[in-house]
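TrEMBL has this to say about the protein:
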- 48-204: domain 'AAA+ ATPase' (DOMAIN)
- Val60, Gly61, Lys62, Thr63, Ala64, Tyr207, Arg219: ATP binding site (BINDING)
- 302-385: domain 'Cdc6 C-terminal' (DOMAIN)
Amino acid sequence: MGMFQRDTEIYKNRDALREDYQPDELVGRDEELARYKTALQPVINGEQPNNIFLYGKTGVGKTAGTRFLLDHLSEDAAQYDDIELTIKILNCDGLSSSYQIATRLVNKFRDDSNQISTTGYPRATVYDMLWSELDECRGTIIIVLDEVDHIEDDSILYQLPRARANGNLSNAKIGIIGISNDFSFRDNLSPKVKSSLCEEELQFPAYNAEELIQILSQRAEVAFHDDVISDGVIQLCAAYGAKDAGDARQSLDLLMKAGDIARDNETDAVTDELVREARDELERGRIREGISGLTQHGHLVLYAVLTLERQDKTPARSRDIRPRYTSFAEQVGVDPLVPRRMRDHLGELSMLGIISAVERNEGRRGGTYREYSLDMDINMVLEALEETVSEVGIHESIEELVDHEKTLSEYS
Ligand SMILES: Nc1ncnc2c1ncn2[C@@H]1O[C@H](COP(=O)(O)OP(=O)(O)OP(=O)(O)O)[C@@H](O)[C@H]1O
């Protein structure tokens with residue numbers, strides 16, 4: 001027998017839980033899709049399409065909803081002889097300038113043998129190439145710029161929606177769909193870009209538990225064999241998902257992780273217990289990843305908050321965290337940061353969701369300050385801080401938590 005054998009007890013089609021799987025129907029998003037459909041209606045009428053700006057937090061179906069509607073739109077448009085519809089989707093992740101966007105777009109309209117180099121042309125030349133590609137297409141063109149907030153300069157976002165008004169296009173009608181999960185992006189656009197790019201604004205809210213149940217049930221039916229999912233598993237994944245961020249991707253990942261653990265354990269059912277185990281494992285991974293990206297001072301600040309948390313001294317103000325942080329810094333032989341810089345680290349930690357920050361008012365005299373506490377499981381954070389603990393030494397507050405077998409070899 002070979003080293004690898006197929007296991008098919010749990011999954012019928014595991015790929016159905018993956019991000020790139022496109023379900024035939026989108027569930028739990030009816031109202032938003034109805035509004036989106038209305039915004040796209042001019043295309044079928046042969047009119048100038050709207051420019052649409054779609055925003056919402058991560059994993060709320062922006063990309064899936066866009067693909068779903070555009071697939072239908074292009075299928076339905078094919079039935080009208082007088083509509084020639086071209087749709088191009090570009091993900092702007094990794095592309096930071098208008099120049100890069102323009103070259104990628106030119107290449108999207110060209111075949112493989114005719115691609116342009118993505119560097120070396122003056123910007124005006126690339127724009128001219130783009131206008132001629134677009135005009136050659138004729139008809140209606142929809143360009144989707146997913147993760148549009150990665151573009152750091154406005155130029156293309158101004159030029160594209162206005163290409164026809166500015167006389168750069170005569171044959172093609174163009175509509176832009178910008179997608180973003182960065183709420184501040186829209187607000188920071190210059191007024192002239194905002195008014196053209198955000199003609200129609202759509203917002204996708206986070207999913208609630210009911211909606212996540214619909215999404216997870218739909219995928220589970222395709223992904224798992226009958227009777228593998230125990231009662232209540234979908235509800236539990238959805239409840240966690242709704243509590244965390246209402247992110248469908250995160251909930252699907254949780255269900256898949258639970259399925260993977262069942263498969264690894266060679267059991268034949270995915271149970272509540274496995275979902276809890278999966279959640280712990282995913283959370284641990286997220287914490288570890290977040291913490292590993294911090295600098296040494298970030299680690300020391302976090303270690304200080306953690307020990308204060310253990311001593312019930314949280315929520316704590318930054319001036320109360322400072323002495324502990326300073327002594328830890330001295331213990332490892334580095335100069336402590338000035339208070340302002342230390343607060344920046346507290347801010348970063350709270351942005352990552354590792355600690356929480358609550359704003360308070362200072363009595364009648366006004367002035368606000370923040371109080372910080374640990375916002376994650378103390379043991380998980382401690383595990384991720386292992387190296388820092390070994391450098392600084394074990395603080396008395398965590399002695400009980402530290403595995404003493406480990407202490408001798410790793411922490412000392
Ligand atoms: N209503 C839905 N029905 C079925 N599956 C969905 C639905 N919404 C989201 N999903 C699934 O959840 C995952 C994440 O969705 P999607 O990529 O559309 O999120 P997004 O809002 O574009 O997130 P991001 O901003 O991170 O790109 C995908 O696998 C998608 O198929």
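From the backbone N, Cα and C atoms, a Cβ is placed for every residue, glycine too.
The model shown is predicted, which means the values in this text are computed figures rather than measured ones.
Counting residues of the domain 'Cdc6 C-terminal' (302-385) by DSSP class, helix then strand then coil, yields 46 helix, 16 strand, 22 coil. Within the same chain, residues at least six positions away from Gly61 (ATP binding site) with a Cβ under 8 Å of its Cβ are Leu26, Arg29, Glu32, Phe204, Tyr207, Ala248.
Summed and averaged per residue, pLDDT over the domain 'Cdc6 C-terminal' (302-385) gives 92.
For Arg219 (ATP binding site), the same-chain residues lying six or more positions away in sequence with a CB closer than 8 A to its CB are Ala16, Leu17, Tyr21, Pro23, Leu252, Leu255. In the structure as shown, the Cβ atom of Lys62 (ATP binding site) sits within 10 Å of 25 other Cβ atoms. All protein chains shown were included, and the count of other CB atoms within 10 Å of the CB of Ala64 (ATP binding site) stands at 20.
Taking Cβ-Cβ distances under 8 Å and a sequence gap of 6 or more within the same chain, the neighbours of Val60 (ATP binding site) are Phe204, Pro205, Ala206, Tyr207, Gly246, Asp247, Ala248. Binding residues for ATP (Val60, Gly61, Lys62, Thr63, Ala64, Tyr207, Arg219) extend across at most 18 Å, taking the greatest CA-CA distance.
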